[in-house]
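The structure appears right after this line, and notes come after that.
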Amino acid sequence: MLQQVNGHSSGSDAQGRESLREDLQEFLGGEVPLHQLDDLTKVNPVTLETVLRCLQARYTADTFYTNAGCTLVALNPFKHVPQLYSPELMREYHAAPQPQKLKPHIFTVGEQTYRNVRSLIEPVNQSIVVSGESGAGKTWTSRCLMKFYAVVAASPTSWESHKIAERIEQRILNSNPVMEAFGNACTLRNNNSSRFGKFIQLQLNRDHQMTGAAIQTYLLEKTRVACQDSTERNFHIFYQICKGASSDERLQWHLPEGAAFSWLPNPERTLEEDCFEVTREAMLHLGVDAPTQNNIFQALAGLLHLGNIRFAGAGDEAQPCRPMDDGAVRTSALLLRLPEDPLLETLRIRTIRAGRQQQVFRKPCSQAECDTRRDCLAKLVYARLFDWLVSVINSSVCADPASWTTFIGLLDVYGFESFPHNSLEQLCINYANEKLQQHFVAHYLRAQQEEYAVEGLEWSFVNYQDNQTCLDLIEGSPISICSLINEECRLNRPSSAAQLQTRIESALAGSPCLGHNKLSPEPSFVVLHYAGSVRYHTAGLVEKNKDPVPPELTRLLQQSQDPLLKVLFPADPEEKSQAEPSGQSRAPVLTVVSKFKASLEQLLQVLQATTPHYIRCIKPNSQGRAQALHREEVLNQLEACGLVETIHISAAGFPIRVSHRTFVERYASLRRLHPRAPPDPHSPSPDEGHSEGSPHAEQATLRALLQDILHTLPALEAAAPAAPAGATPAPVHCGRTKVFMTDATLELLERGRAQALEQCARCIQAGWRRHRRREQERRRRAAVCIQAAIRSWLTRKHIQRLHTAATVIKRAWRQWGIRMAFLASKELDGVEEKHSSQAPRSPSSFPLPLAQTKLLRAVTHLWPLGLVLANAAVGVHGFPRKLVVFACLQLPVGSPSGYTVQAQTAQERAGIMSIRALPQGSIKFHCRKSPLRYADICPELPPNSATGFNQILLERHKLGHV
Ligand SMILES: Nc1ncnc2c1ncn2[C@@H]1O[C@H](COP(=O)(O)OP(=O)(O)OP(=O)(O)O)[C@@H](O)[C@H]1O
């Protein structure tokens with residue numbers, strides 16, 4: 001299902017798939033973000049895509065270790081990660097009650113292994129297989145594990161034993177720089193590439209303290225001594241002596257500064273591995289004293305000079321080739337302490353023994369043969385030197401067999417290799433990887449079986465074919481690739497590469513793992529390995545397998561006066577007979593393949609007798625850059641280290657495992673599609689007997705729901721578009737806590753769920769529309785109500801405001817009137833008040849309308865006269881004048897309720913400005929202007945109207961005209 005979803009598509013379809021993919025991944029992966037998933041087997045479903053995504057997420061989050069079931073996947077950080085390998089962290093993992101609960105780390109594996117040894121559960125001995133391609137971090141990992149054991153497996157009780165343990169650990173750790181100097185080289189893929197495989201056995205005593213170690217090496221790439229790619233380098237030790245030797249040593253070893261050696265490409269490149277002093281120091285700790293070291297380095301210098309020997313063809317086959325530089329021969333012979341002439345002769349002349357008497361014939365070699373013999377001599381010396389060093393290290397670090405009881409093995413092997421040109425080396429490496437893969441798969445399947453057993457599932461349905469057929473093809477009996485190549489060596493007959501190809505293809509035609517190779521221009525055969533198909537070229541395969549060492553070369557080296565070479569090449573009659581296989585001899589020939597096979601079998605026997613642990617080192621990118629993960633490259637390595645294969649094995653079973661609860665939550669809707677018949681009311685309910693809310697009751701309810709859902713599967717299958725008649729039911733198993741299913745079942749369930757969701761969606765849509773219509777109607781009515789209420793409220797408010805305004809106006813108007821009246825009355829002098837107080841007026845005794853009428857009449861008819869009198873500058877004053885005025889105005893004099901005519905003496909003096917009518921009904925003569933705003937305006941009164949306050953009846957300027 002997920003693979004389909006992961007497939008390519010375009011446009012909206014792709015978008016839909018993407019969202020479904022995410023949805024499914026969320027469902028299957030649970031809530032845990034990918035980078036927090038510590039175990040790749042918990043990635044759900046277990047597909048390459050999800051595994052890759054998980055590894056990428058973790059790498060981005062600087063999390064470099066991830067479990068994959070019984071395997072630890074280690075991504076190379078390609079950078080220093082502070083505290084990732086500190087002694088404190090080692091102790092933390094060592095002290096943890098359950099180290100597997102801590103974050104995945106090589107220390108978890110280390111600690112688990114150590115605890116297994118202590119628990120004494122069979123098999124007590126443990127092994128850690130560290131694999132991966134070149135540069136993936138195998139050596140680093142092995143080194144870290146050794147340091148880990150040096151820290152945790154060294155807590156002796158007494159001070160003395162503490163010292164001994166410390167010395168042993170130091171020696172074990174010191175073996176690393178020595179092994180790396182002699183066995184590692186800078187390659188295109190790794191500056192410090194191990195050119196051999198190794199199995200380190202860390203020996204523990206009864207108290208589980210490390211008492212020693214033993215190192216077993218496999219398949220050193222000795223051809224590198226004499227043949228290097230122009231972009232690569234020879235073994236580190238050659239550069240170390242050339243760069244690190246003192247001037248005396250340079251003289252002694254004939255290594256002048258800047259000397260050029262044809263077997264020393266790229267000498268200008270300086271690596272951190274070029275540290276001569278470290279190597280010397282470590283050798284010293286391992287018991288290789290200074291004179292022996294000197295001897296070793298001198299021999300190595302001799303090999304460098306040997307590589308400078310060049311031969312020129314003599315032109316005549318009967319004549320041996322000429323050396324182009326006698327100096328190189330001389331120096332080489334001197335340093336290797338070989339006689340110069342025999343050295344030259346051995347390189348140029350082959351001896352052949354023939355006939356019953358084993359007569360010796362001497363035959364000059366061709367130029368190419370001379371070169372081959374020279375290279376062979378160097379390879380022979382170097383390989384023996386390497387093996388001798390390993391044995392020296394072993395004798396230094398290996399504990400007395402009686403002192404150790406258990407061991408932890410560290411296997412650092414080369415990963416699966418597939419290059420454009422593959423030969424015997426790759427065949428051996430890939431053969432070893434096939435063997436280890438078989439071992440790993442057996443172990444992995446066992447772990448899977450255990451999980452299935454815990455869940456109460458049968459294992460038998462997992463139909464997986466392991467890689468036995470491929471192994472049969474490579475090493476099987478009686479006919480296999482190895483046996484055919486060995487046969488060619490044994491028969492010692494001339495055979496071409498094409499003939500070998502034909503032989504292999506015809507003899508092994510029935511093997512399903514032998515690929516067809518019709519189009520290749522070069523003779524080759526194809527093997528379909530578990531990690532991919534590899535084409536092996538047959539040219540030179542037999543020769544490499546023979547790894548012939550001309551006996552003359554061995555004899556020559558046995559003549560050396562050098563103490564080291566004497567040790568490396570003792571005069572051994574047994575070796576002699578091995579080195580001189582007779583063409584007619586039927587004795588088994590020790591070929592490279594047969595030796596390798598033997599050591600591999602021995603190794604597997606050791607592994608099978610131990611509890612294995614696996615660390616798969618992955619190189620995130622080939623450039624060695626930090627923070628860069630190239631998916632394609634990682635995918636290839638996952639394939640090569642067998643993780644993909646184990647993923648496929650998972651797929652052969654039930655790659656999808658979901659907990660009961662999650663399953664029910666996701667697929668509960670399926671019950672709507674095909675409802676089950678209601679249960680018999682008399683049958684017991686699933687949670688009967690369990691108290692409500694108890695875990696049992698919950699589990700029982702879940703199970704019942706689960707069964708309901710699973711019962712819909714047949715109906716779903718029948719409804720599936722391409723369901724063939726009589727198709728087998730979708731495989732699904734209900735474990736104790738999880739539902740196990742295949743990809744096909746997931747697809748079926750998902751399809752049903754989509755249908756159920758569609759139905760639900762329709763229901764929801766209809767309900768929603770109904771609900772929306774009702775809502776809309778309700779809203780409309782509510783809006784009308786609200787509008788009406790608001791309008792009435794607004795109107796009320798408006799009217800209220802008008803009322804308030806009117807009241808305010810009225811009040812203001814009244815106040816204004818009062819103020820005006822007050823001002824008008826204030827304007828009067830105290831005279832009136834006096835009059836008023838003396839003769840209070842009674843409205844009832846003299847009603848105002850009548851008084852007004854009288855006044856008006858008086859004003860209208862007589863006031864001009866009174867006025868004239870009042871204004872007269874001379875004349876009557878005082879009371880007589882008042883009387884005159886009163887008379888003119890026809891006002892009753894002394895009437896208590898009548899009008900008063902007021903005029904102040906000062907006014908009288910200043911003259912009258914105006915005559916005014918007051919609301920109280922009196923007439924006033926004003927000698928100045930009124931403070932009232934309108935009081936000084938003489939209204940054009942209509943006849944008989946005298947309203948207003950203090951209204952001017954007549955102004956001064958008009959007075960004159962009167
Ligand atoms: N855990 C790590 N932390 C930091 N750097 C690392 C780590 N592991 C590996 N490296 C880096 O990667 C380089 C290659 O690692 P290493 O030599 O262990 O690879 P290898 O798998 O042993 O390669 P080969 O098979 O060629 O020997 C190291 O030199 C180191 O720089």
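Note that Cβ sites are derived from N, Cα and C of the backbone, with glycine treated the same way.
All TrEMBL annotations are machine predictions without curation.
There are 25 other CB atoms within 10 A of the CB of GLY132 (ATP binding site), with all protein chains counted. Sequence annotations record features per position, and here TrEMBL assigns ATP binding site to GLY132, GLU133, SER134, GLY135, ALA136, GLY137, LYS138, THR139.
Taken from TrEMBL, the feature compositional bias 'Basic and acidic residues' covers 685-695.
The region 'Actin-binding' feature in TrEMBL is assigned to 600-622. Residue counts for the region 'Actin-binding' (600-622) under DSSP, helix first, then strand, then coil, are 9 helix, 8 strand, 6 coil.
TrEMBL lists 673-697 with the feature region 'Disordered'.
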Residues near SER134 (ATP binding site) by Cβ (under 8 Å) yet at least 6 apart in sequence within the same chain, in sequence order, are THR187, ARG189, ASN190, SER193, TYR414, GLY415
At a C-beta cut-off of under 8 Å, are there same-chain residues at least 6 beyond the region 'Actin-binding' (600-622) that contact it? List them, or none. 55, 59, 68, 70-76, 78, 106, 109, 112-113, 116, 123, 125-133, 135-138, 141, 189, 199, 216, 218, 409, 411, 431-432, 435-436, 439-440, 443, 628-630, 633-634, 637-638, 641-643
What are the other residues, in sequence order, whose C-beta lies within 8 angstroms of the center of the C-beta atoms of GLY132, GLU133, SER134, GLY135, ALA136, GLY137, LYS138, THR139 at the ATP site? ASN76, ASN190, GLY415, CYS617, LYS619
CB contacts under 8 angstroms to GLY137 (ATP binding site), restricted to the same chain and 6+ apart in sequence, sorted by sequence, are ALA74, ASN76, CYS617, LYS619
Other than its own, how many Cβ atoms are within 10 Å of the Cβ belonging to GLU133 (ATP binding site)? 22
Tally every other Cβ atom lying within 10 Å of the Cβ atom of THR139 (ATP binding site). 23
Cβ-Cβ distance under 8 Å to ALA136 (ATP binding site), same chain, at least six residues away: ALA74, ASN76, GLY415, CYS617, ILE618, LYS619, GLN637
